[in-house]
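Below is one structure, written out as structure tokens, with a few remarks after it.
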């Protein structure tokens, strides 16, 4: 069982702080809780206290939660989980693109929140020191970096988990629910939707930073797989039937 040493809660609603703190203390009795209502102070507390994970609200009195995530990601890979009443896909996508590892909506269930945190901690611990190689691709799980053709692409925690799961199941289609279980430990409809958001963001990053447009393949209605080489177009040979003067297409599958 993973025992985080400390947690930082960046939230200006004291009732929420108390509820979240209680949930963590029940799950991990020895955990130390830090909290602040200020986004700017929250960033400083990450630097000073090096918490095991961070919970951050988006609506803060000084800088907003998006800016907090951005500033934290400038120097730390600590797991960051957004806890917010803002439910629009635009807000979720923006938070994830800035580097948040998960997004939990208010009102929340305490057990769900602690399970989401535990999933992030578990993946962080499991990935230490491992490197997966598939074709020309190398995935460093400790540093969360994908390398190919002398290029290195930095990944968020969830992007690394997605690629790790797909690499480990190369040659097979991985369902949305399987990816959700690997990332968050559950398959709630909101987590399945978040899988699609992460896949879209990851594809955009791979194309923009590495010119990679074929690595993640979609099987409509099923899930995703990895393709390490571009799919070649079918080699169609036109064969003429000398007796009927008709043409037949030969598909060399």
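Backbone N, Cα and C define each Cβ position, glycine as well.
TrEMBL annotations:
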DOMAIN    6-121  domain 'Response regulatory'
MOD_RES   57  4-aspartylphosphate
DOMAIN    129-228  domain 'OmpR/PhoB-type'
DNA_BIND  129-228  DNA-binding region
Counts by DSSP class (helix H/G/I, strand E/B, coil) across the DNA-binding region (129-228): 43 helix, 26 strand, 31 coil
The DNA-binding region (129-228) [mean pLDDT, rounded to integer]: 87
The domain 'Response regulatory' (6-121), counted residue by residue under DSSP: helix, strand, coil: 56 helix, 23 strand, 37 coil
